[in-house]
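K.L.:
My questions will all concern the structure given below.
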Amino acid sequence: MDLPGLIHDFLLVFLGLGLILGGLGVVLLANPIYSAFSLGLVFVCISLFYILANSHFVAAAQLLIYVGAINVLIIFAVMFINGSEYSKDFHLWTVGDGVTSVVCTSLFVSLITTIPDTSWYGIIWTTKANQIIEQDLISNSQQIGIHLSTDFFLPFEFISIILLVALIGAIAVARQ
């Protein structure tokens, strides 16, 4: 999307805040339904980021697959869970939460210290040169097909297996 700089920056900050608030909602909200809706907010914000980056096909796929299918499946599964049996065993803070917090905080600090030291200039020009060559030869849908069948074949297959397992799990839960 070709927007003026100020509007583009405002939308980036607004969507970034939506991502942060949605992520915090997923982690901190005690009600699993609210957490699932917060996850939907995160997926929508990611989709809007793709629109800002001029990746309209990826944004549409993000909305259809993650918001339209995965998030609905999560909400469907959460609604089958009886909340009363889990709420009495709920402890506010456990040892695993502390270990996870330490690991995530150390990963965040290492990323924050690494990102400013990285030379992004060469990476950007190399990527742009590759994109120019690819854009001249084939269309966007052909590029996506080529990348899915070559560069991203293994992750694509893993995602399809995960979706198959989720679908089988949803059917098993629905039959009970």
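Even glycines carry a Cβ here, placed using N, Cα and C.
As annotated by Swiss-Prot, transmembrane segment applies to 10-30, 33-53, 61-81, 92-112, 152-172, with the evidence given as sequence analysis.
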K.L.:
Do any residues, 6 or more residues outside the transmembrane segment (92-112), come within under 8 Å Cβ-to-Cβ of it, and if so which ones?
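P.N.:
Contacts of the transmembrane segment (92-112) (Cβ under 8 Å, skipping residues fewer than 6 from its ends): none.
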K.L.:
If we skip the immediate neighbours and take only residues 6+ beyond the ends of the transmembrane segment (10-30), which ones have a Cβ under 8 Å from one of its Cβ atoms?
P.N.:
3, 37-39, 41-42, 44-46, 48-49, 52, 90
K.L.:
Who are the chain neighbours of the transmembrane segment (152-172) in space, where the CB to CB distance is under 8 Å and they lie at least 6 residues beyond its ends?
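P.N.:
The answer is 69-70, 73, 76-77.
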